[in-house]
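Q: Got a structure here, written out as structure tokens. Questions coming.
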Amino acid sequence: MMGKHIQLSFAILIMFTIFVLGAVGDVDQGYKQQCYKTIDVNLCVTGECKKMCVRRFKQAAGMCIKSVPSAPAPNRCRCIYHC
């Protein structure tokens with residue numbers, strides 16, 4: 001009977017240890033906030049926008065947006081990056 005109690009206690013200790021180590025690992029990874037910068041251009045081309053964003057910020061994504069919904073074509077390049 002005593003052996004089963006020790007096995008249960010040991011199993012609970014192992015599970016608790018794994019949980020604590022997992023929680024510490026999540027905290028160590030950290031969370032990077034996303035920022036964006038909008039650049040005015042005459043006519044935004046997706047490929048050029050992405051290249052421009054990567055030049056300004058090492059790891060970035062770029063997308064073309066319109067300054068106003070009624071604009072005929074996208075005229076702004078929005079860079080999204082970790083700040």
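Just so you know, glycine gets a Cβ as well, placed from its N, Cα and C.
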Q: Just confirming the record: what cysteine out of CYS44, CYS83 does Swiss-Prot connect to CYS64 via a disulfide?
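A: So the cysteine that Swiss-Prot bonds to CYS64 would be CYS44.
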Q: Which of these links to CYS49 by a disulfide bond in Swiss-Prot: CYS35, CYS77?
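A: Partner cysteine, according to Swiss-Prot: CYS77.
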Q: In sequence order, which same-chain residues at least six apart have a C-beta under 8 angstroms from CYS64 (disulfide bond)?
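A: Looking at Cβ-Cβ distances below 8 Å from CYS64 (disulfide bond), excluding near sequence neighbours, one finds CYS44, VAL45, THR46, CYS49, PRO74, ARG76, CYS77, ARG78.
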Q: In whole Å, how far is CYS53 (disulfide bond) from CYS83 (disulfide bond) when you measure between their Cα atoms?
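A: The Cα atom of CYS83 (disulfide bond) is 14 Å away from the Cα atom of CYS53 (disulfide bond).
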Q: List the Cα distance (Å, whole number) between CYS79 (disulfide bond) and CYS35 (disulfide bond).
A: 8
Q: Counting other Cβ atoms within 10 Å of each residue's Cβ, which of the disulfide-bonded residues CYS35, CYS44, CYS49, CYS77, CYS79 comes out lowest?
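A: If we count Cβ atoms within 10 Å for the disulfide-bonded residues CYS35, CYS44, CYS49, CYS77, CYS79, the smallest count is at CYS35.
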